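Novice: I have a structure I would like to understand better, so I am pasting it below and will then ask my questions one at a time.
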Amino acid sequence: MKQLGKHIILELWGCESQALDDQPGIEKMLVNAVKACGATLICVKTHKFSPQGVTGVAVLSESHISIHTWPELGYAAMDVFTCGEHVKPEDTIPEIEKFLKPEKTEVMDIKRGIIDDGEVKE
């Protein structure tokens, strides 16, 4: 069996609220995470909400990394979806944790596009 992509979902709790509200810092974290997993960056776009919170996405040749933050709750939700054998989405986690400093990180690992003998598995 083969998979077309790997998707990790991160639940980050107890993060530093200042980091969660730092738009330039989040942009830098996304770029560093892309480098860490070996992906190819196309662009990064972030948006700062009022009074707080940041949403961002790094668009990759191999898919995307996204983040949504709630500084008032110390929480961030992230998706790292990659295609291709050379990209390792789990290698983004140390870069993300270094910047956000969560007390707890939950990781869900999903295999996307499972193919069995050259055909899509139903």
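Note that Cβ sites are derived from N, Cα and C of the backbone, with glycine treated the same way.
What Swiss-Prot shows for this protein is this:
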- Ser63: pyruvic acid (Ser) (MOD_RES)
- Ser63: active site, schiff-base intermediate with substrate (ACT_SITE)
- His68: active site, proton acceptor (ACT_SITE)
- Cys83: active site, proton donor (ACT_SITE)
Novice: Hey, does DSSP put His68 (active site, proton acceptor) in a helix, a strand, or just coil?
Specialist: strand
Novice: Take the Cβ of His68 (active site, proton acceptor) and count every other Cβ within 10 Å, whichever protein chain it belongs to.
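Specialist: Its Cβ has 16 other Cβ atoms within 10 Å.
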Novice: Could you give the Cα-Cα distance between the residue listed as 'pyruvic acid (Ser)' and Cys83 (active site, proton donor), in whole Å?
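Specialist: Computed Cα spacing between the residue listed as 'pyruvic acid (Ser)' and Cys83 (active site, proton donor) is 7 Å.
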Novice: Only counting partners 6 or more residues apart, tell me which same-chain residues put their Cβ under 8 Å from the Cβ of the residue listed as 'active site, proton donor'.
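Specialist: Result: Leu4, Gly5, Lys6, Glu62, Ser63.
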